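Structure, as structure tokens:
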């Protein structure tokens, strides 16, 4: 059997599929390589592009769907710990999206045969941006994030965001697939034939090498936007290593004891701390609610203990907690509305009675925190509730806190995975980004590093220091250029006191045009596919339908 025939066989397609899934998962943080392997990312998509090239139309849809389900299933396996339904939802939607994407890749290659390499690369990049949008937005798995530790290369994100890094990572896969595909389809497969296939794409390869070289040299020469600190701030990041989802007043009291112990340890050794940060939902009882409505005496008492504790200190506290209000329904009844909140308490100012500055989480996790289609799909909403989904109301205001002259914002949980959110905070005056998260439920180091990899890009894009206080990790301090300044050991209680640089100037092209490059990839790929389809139809009409 010839190599080309073998590659087009079911066994060949299956092996390409397995290789594609494996390389995608290994490129990003995973159980085998908790920090991922950045080098593998440059060829991770080549097996998929070859599979699309050689498979028939129906097979392309099948393998695309299978690739979506298995690649994202392997990538985000930790969702199973949260709930099997969550993993099924991600795998299911990924299967649908990748089936459609692979069909688009096949069409793009057929419509623009001579330029198939660039067209397929563009279509993939357009997909990566599109999959971060809307209710189903899922930024995990963007290829650019695999390079989070390659600091000289990713400094270009300060101008064009993560999308330019993705372009640099995806192109070699498309190039390699094009060269290998051309070589396999030759009648003679020897070194000369391979070099001939590679030579036919030498211009695009040279441009890619030049762009990568420029990015690295520009970083070494300091050409990218300046991130010189004007002042510094000392922040205590508390990592209790608990699990707020356990529930029960005794569990909440035990977590509170751990939080206060770690905070006291930090404040005794570093009395000049500017801010103490507790993670997302670190204190579960609704502070303002239980202080106002004292029906649950044990919760009220725990709230009083918290307020007395904070008011006795000499520095502000950011506390991740539930926040609730009474709201009148359309039927005229009153109901409680819950928010996932970050609360700023300043001792002697807004602690007793509690009237903290508030930020309510705007970008909620689909299906597990938020489902806006209750009236359209009431049966599915009820199903999610029975699966222990915790629904929150959606916040609407981008809040910039201010304490001791420091202006900062607090993206909650996976909000630091979306560039437009942190960009908006910085546009409104934030000079420090403080992320509070709870990834403890996943019990996965690779999950925590996947989250961290995206946070690194948010720091670079905005040229702002970003600190993370996470329940079980990764609790880190990130410099404006993406360097990890310090990091706590994961899955252990501790507190990280970080002295971080504060940049106040508006610097970096990303601050001005945001995700414009991602939008361009998306719009351009749609235009090229439509133009290619029209061009193909016109040619068929001229040649006669057969």
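Glycine is treated like the rest: Cβ placed from N, Cα and C.
Note that this is a predicted model, so its numbers are computed, not measured.
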(request) Match it up for me: which of 14-34, 224-244 does Swiss-Prot list as transmembrane segment? (result) 14-34
(message) Labelled transmembrane segment by Swiss-Prot, one stretch among 62-82, 251-271. Can you tell me which?
(response) 62-82
(request) Out of 122-142, 290-310, let me know the one Swiss-Prot marks transmembrane segment. (result) 122-142
(request) Run through the Cβ atoms and count how many others sit within 10 Å of the one on residue 413 (active site, nucleophile). (result) 23
(request) Could you tell me which three-state DSSP class residue 413 (active site, nucleophile) falls into? (result) helix
(request) Would you kindly check 62-82, 85-105, 151-171, 194-214, 514-534 and say which stretch has the most C-beta pairs under 8 angstroms to the transmembrane segment (122-142)? (result) 514-534
(message) For the C-alpha pair, I'd like the distance in angstrom between residue 280 (active site, proton acceptor) and residue 413 (active site, nucleophile), rounded off.
(response) 7
(request) Tell me, please, if the transmembrane segment (151-171) and the transmembrane segment (62-82) are in contact, taking contact as 3+ Cβ pairs under 8 Å between residues separated by 6 or more positions? (result) no
